[in-house]
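Peer 1: Below is the structure I would like to discuss, written out as structure tokens.
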Amino acid sequence: MLTCTRTQWRNAPLAYRCLWNHAAASSTYLDTTQALNPAVHDTPDHLRASQFDLLDKALRVDQAGEVAANWIYRGQMSVLGRDSSSKSIIQSMWEQEKKHLAVMNKLQIQHRIRPTALWEVAKIAGFALGACTALLGREAAMACTEAVETVIGEHYDDQLKEMEFLPGSHPSISMLDNLVREFRDDELEHLDIAIENHSQRAPGHALLSAAVASGCEAAIAICKVI
Ligand SMILES: [Fe+2]
Ligand SMILES: [Fe+2]
């Protein structure tokens, strides 16, 4: 399995990014012939309470985040979808979020984690955020994406450090580590796409970014426990 650090990924030529994506851990989850592979089927026995708590919070918040991300892009698409160039940019990122959520849904079942009680709230809040920023214009929508993906990319990066406390000898945990790396790199790719599409030209960019980032950080804290 090919993986890379955030810095390596961001500095890599496009061809190498494609190679990493091709070797993605998520493809094992979405390959039905792998359904009984212990890495995507089993959960570690005899986790200490602190380890289970870590896994429990991590997967609940990650799943909730991917729900919200899907609805942010749905909201953006509802406003900007008639513009063909905006549509193709948003659609490409949304397709990756669909993949992230499909994998997170499998992980939640695999590790017997309770989903967030705020599932419907995440959908509504995500759609509202995506649609409202898109109503301010394409650059504001990209500023929203930039802020969200910055927070989520850093969240996944922090999670990789926490996961060192989980039993890495179990195949499901090494798989989870690879997945989080893959998703972090996807989110950082979305961040780059937003900047390339002039997110920083949005009116009130600094204020909008700060507001969206604060909301995302609060949502992460809440969904760990609720
Ligand atoms: Fe995602
Ligand atoms: Fe993303």
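Sequential numbering from 1, following the chain as shown.
Each Cβ is built from the backbone N, Cα and C atoms, and glycine gets one as well.
Just so it is clear, the model here is predicted, and its values are computed rather than measured.
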Peer 1: Look at the Fe cation 2 binding annotation in TrEMBL, where E97, E187, H190 are given, and name the residue from E139, E146, E149 listed for that site too.
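Peer 2: My reading of TrEMBL gives E149 as the candidate in that site.
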Peer 1: Which one of E66, E154 goes with E97, H100, E187 at the Fe cation 1 site, as TrEMBL has it?
Peer 2: E66
Peer 1: When you measure from the Cβ of E187 (Fe cation 1 binding site), which residues in the chain that are at least 6 apart have a Cβ under 8 Å away?
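Peer 2: Result: E149, I152, G153, Y156.
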Peer 1: So which of E66, E97, H100, E149, H190, listed as binding-site residues, have a Cβ under 6 Å from an atom of ligand 1?
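Peer 2: Going through E66, E97, H100, E149, H190 in sequence order, those close to ligand 1 turn out to be E66, E97, H100.
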Peer 1: Running a distance check here. Ligand 2 versus the binding-site residues E66, H100, H190: which have CB less than 6 Å from one of its atoms?
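Peer 2: Only H190 meet the Cβ criterion.
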Peer 1: Considering Cα atoms only, can you say which of E66, E97, H100 is the nearest neighbour of H190 (Fe cation 2 binding site) among these binding-site residues?
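Peer 2: Closest recorded candidate to H190 (Fe cation 2 binding site) by Cα: E97.
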